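S.K.: Not my notes, these are from TrEMBL:
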type: ACT_SITE; residues: CYS272; note: active site, nucleophile
type: BINDING; residues: 8-13, ASP33, ARG38, 86-90, 127-128, GLU161, 272-275, ARG342; note: NAD(+) binding site
type: DOMAIN; residues: 328-452; note: domain 'UDP-glucose/GDP-mannose dehydrogenase C-terminal'
Amino acid sequence: MVKICCVGAGYVGGPTMAVIALKCPSIEVVVVDISVNRIAAWNSDQLPIYEPGLDDAVKQCRGKNLFFSTDIEKHVSEADIIFVSVNTPTKTRGLGAGKAADLTYWESAARMIADVSKSDKIVVEKSTVPVKTAEAIEKILTHNSKGINYQILSNPEFLAEGTAMQDLIMPDRVLIGGRETPEGRKAVQALKDVYAHWVPEDRILTTNLWSAELSKLAANAFLAQRISSINAISALCEATGANVSEVAYAVGKDSRIGPKFLNASVGFGGSCFQKDILNLVYISECNGLSVVANYWNQVIQINDYQKNRFVNRVVSSMFNTVSGKKIAVLGFAFKKDTGDTRETPAIDVCKGLLRDKATISIYDPQVTEDQIQRDLATNKFDWDHPVHLQPMSPTAVKQVSIAWDAYEAAKGAHGVCILTEWDEFKELDYRRIYDDMQKPAFVFDGRNVVDPEKLRAIGFIVYAIGKPLDSWLKDLPAVA
C-alpha cells in the first residue's frame, strides 16, 4: 500500500488529500499539522474550512484511508510520498520585506523530514514557492541525508476557492516537475500514477522543476493581470460614459481573449494573486530584470488604485465627508462562496472609510465577527503568519459593528457598499432597505451585482464600477 503524508492541513492540503483519498481507496493518506486545534477540527463535524463538496468527501474517507493527525514525525517517517503544503507568506522584515516569500516554515519542514526519515522519500512541493526553492530543499535534505535518497518534485496547485473540489476532481491540468535524471523520472512517474486514478493522461503534464515552479506564479500573474486590465478600463468607462460590462462582453467575444476574469470590480483579493506577483517581482529584481519587475508591479498598483478610487467615490459623493455617518458594508470575503478574507478588498475599503471617521456595519454570510475584527486590526502581510505571532487579542475597532443580515446592516445608514458578489445581494428587497436609510440614500456597488436603473427608480443614488455615472456623481472628482 502506497502511503502518502501531507504536511500542512490548510486550504490546499486538506481538500487535495481528501480527493486523493476519495479517488484512490488503495492509498493511505494522512494529513499532519502542528496545530492541535486545526487537526481537531478536521476530525470533527465542523471542518476548519468551507468548500462546497469537501464535507462529503472527508466524511466518506475519514477513518478508512484518510486520517488527520498531530503526530507529524511518525507519519512522515512511514510515508513513501510526502506533500509539503506549509505556508509561504510574504516576508514582513529583513531582506526582500514586502515582496520575497518567507521560506521559514518550508525549511523547518525539510529539516524535520531529514531528521525522521528512515527510508527513501519523494518530497512534493505543493505550496506556492519561488523558483529555485526545490534546489534549496534538495541541499538541506542531501546534506542531512544519512544515506537516504530524496527526490524533490514540484506539483503546484491550481485551485480556485469556492470551486476547489471541482478543480481537484476535474482539473484543467496537473503539473509535475522533476529532475531530468533516471531517479527524477521514476519519482515523476510514481506521482503520475497517483493522479492517473482519475485524471486523464493527456491532462498530466511533466516538466523540469523550474518550469513547474514558475508556471504557478505565471498563471496567477496572468489571471490577476486580466482583472487589473479590465479595472483600468472601468476607470476610463466612468470618465467617458462607456459601460464596462458592454466593453468586457465585446472584448471577451474575441476567441483569442475569451470572457473569463473580465468582471470589473473593487479589486482582486485572495491569498495568492498579490503574494505570487510580489514574488515574481522580487525574483525578477534579483535577476537584474528591473523592467520585467516594474511591469508586473503595475498589476498590483492598478489593484490598489481601484480600491482607493472606490473609497474616494464614497467620500466625495457624500458631501466630501463620511465622519460619523453609518455605512453598511455587504460582503467581506474576497469572493462569493468562500469564508476566506485573505487580502480581500473589503479590508482596504473599510480602513479607508474608518480613516475618514465613518461608522461601519458589516454583514457577510460566511465570515465571523472575530475574523473581521482581526483583519481590520492586523498589519499588511501579517495575516499570513501563524496566529501566535499576531497580536493576541486585536483591539476591536470601535466604529465597526457586525450585523446579522443585510437589512440590519443598512438600517439608518447613509450608504451601502457591496464588496462581495454573494448571490443573496441580488435578491434583497431594496425598497425596504431604502425606506430604512438616511436620505439621500447611496448604493456603491463594487461588484456590479445590482441593476443601477432599478435602484435609481426606487430613489437611490447609485455608483456602479465602470458604469455610466449618476448625474449626482458626474461633477465630483473620481480620485481625491
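Every residue, even glycine, has its Cβ placed from backbone N, Cα and C.
Heads up, TrEMBL stuff is auto-annotated, nobody curated it.
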S.K.: What same-chain residues, at least 6 away in sequence, bring their CB to under 8 Å of the CB of GLY8 (NAD(+) binding site)?
M.R.: VAL31, ASP33, PHE83, VAL84, SER85, VAL86, ASN87, ALA109, LYS126, SER127
S.K.: Restricting to the domain 'UDP-glucose/GDP-mannose dehydrogenase C-terminal' (328-452), what is the model's mean pLDDT?
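M.R.: So the average pLDDT across the domain 'UDP-glucose/GDP-mannose dehydrogenase C-terminal' (328-452) works out to 90.
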S.K.: For a quick check of packing: other C-beta atoms within 10 Å of the C-beta of TYR11 (NAD(+) binding site), how many?
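M.R.: TYR11 (NAD(+) binding site): 22 neighbouring Cβ atoms within 10 Å.
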S.K.: Could you break down the residues of the domain 'UDP-glucose/GDP-mannose dehydrogenase C-terminal' (328-452) into DSSP helix, strand and coil, giving a count for each?
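M.R.: Taking each residue of the domain 'UDP-glucose/GDP-mannose dehydrogenase C-terminal' (328-452) in turn, the totals are 42 helix, 19 strand, 64 coil.
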S.K.: Taking 10 A as the limit, how many CB atoms besides its own sit near the CB of THR90 (NAD(+) binding site)?
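M.R.: Neighbour count, Cβ to Cβ under the 10 Å cut-off: 22.
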S.K.: Around GLU161 (NAD(+) binding site), how many other CB atoms lie within 10 A of its CB?
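M.R.: For GLU161 (NAD(+) binding site), the 10 Å Cβ neighbour count is 23.
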S.K.: Just checking, which of ASN87, GLN274 (binding-site residues) has the fewest C-beta atoms within 10 Å of its C-beta?
M.R.: ASN87
